[in-house]
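This report concerns only the one structure given below.
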Amino acid sequence: MSERLSGHTLLVSLLATPIRHSLSPKMHNEAYAKLGLDYAYLAFEVGTEQLADAVQGIRALGIRGSNVSMPNKEAILPLLDDLSPAAELVGAVNTVVNKDGKGHLVGHITDGIGALRALADEGVSVKNKIITLAGVGGAGKAIAVQLAFDGAKEVRLFNRQATRLSSVQKLVTKLNQLTRTKVTLQDLEDQTAFKEAIRESHLFIDATSVGMKPLENLSLITDPELIRPDLVVFDIVYSPAETKLLAFARQHGAQKVINGLGMVLYQGAEAFKLITGQDMPVDAIKPLLGDE
């Protein structure tokens with residue numbers, strides 16, 4: 001990358017913590033090189049305490065855009081000038097665009113688009129399907145919105161944090177008003193309801209952090225009877241590539257198991273397009289993600 005850097009190079013950033021596991025710098029910098037774009041992508045260890053200063057830095061330095069990940073997806077909202085309709089509905093942002101480097105920052109959310117493109121890539125359609133989704137943080141809410149917009153029959157949301165349930169219920173109400181999808185929300189602590197939902201679902205999506213370190217030895221599903229030959233299991237975690245959940249589902253005969261690498265690729269491709277105006281060469285970038 002050093003050979004490409006010049007006084008004209010445009011900077012794109014990632015604001016998150018931790019960042020060591022992130023595939024984004026590799027993915028975006030390789031895409032810039034493939035397309036001959038004079039951009040550089042750098043990851044910065046930024047938590048919520050440093051976030052306001054970091055956002056001001058984007059404005060002051062003319063950084064052209066930034067990806068935003070945990071724990072900043074919701075905390076960044078009041079620091080931006082505008083939100084896309086999807087980001088406003090979800091209440092979270094994972095991409096910030098500084099158009100022309102003039103300091104007017106617009107927040108977008110590409111997680112839902114990325115997840116649905118990843119599923120489509122695996123031949124999985126959500127239209128008219130019953131789907132159970134665990135975890136309604138920034139990514140989970142974005143996926144829920146996209147599932148409803150893409151014509152799922154039912155989306156059954158489960159979340160463990162009782163304090164978040166009331167805010168997510170507002171999103172549920174909006175989705176039931178705006179789409180034909182039936183969206184419900186329940187506490188993940190209600191294991192009876194959780195298991196019943198999975199038994200009736202075509203697709204189970206884990207959008208929690210269970211499966212990542214330090215929770216890599218845990219799985220939301222531990223009952224073999226919940227895994228059926230017609231059930232697709234999608235875990236948005238990508239490191240490790242096979243979480244405890246995916247290994248369990250594969251072992252007990254799930255129709256298909258999908259990790260989060262495809263979602264990373266396609267949400268990144270959408271962010272890439274928003275910031276650069278160019279299509280990411282996903283076919284060239286996809287093989288690189290398997291090197292991790």
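Yeah, the Cβs are placed from backbone N, Cα and C, and that goes for glycine too.
The model shown is predicted, which means the values in this text are computed figures rather than measured ones.
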Shikimate binding, same site as S22, L23, S24, N94, D111, Y238 - Swiss-Prot member from S69, S209, S219: S69
NADP(+) binding, same site as G135, V136, G137, G138, A139, G260 - Swiss-Prot member from I113, I236, I285: I236
G135 (NADP(+) binding site) to S22 (shikimate binding site) - Cα separation in whole Å: 20
Where the record names G135, V136, G137, G138, A139, I236, G260 as binding NADP(+), the maximum Cα to Cα distance in Å: 16
For the binding-site residues G137, G138, the one whose C-beta sees the most other C-beta atoms within 10 angstroms: G138
Cα distance (Å, whole number) from G260 (NADP(+) binding site) to Y238 (shikimate binding site): 4
Candidates S22, S24, S69, N94: member of the binding-site residues with the richest Cβ shell (10 Å): N94
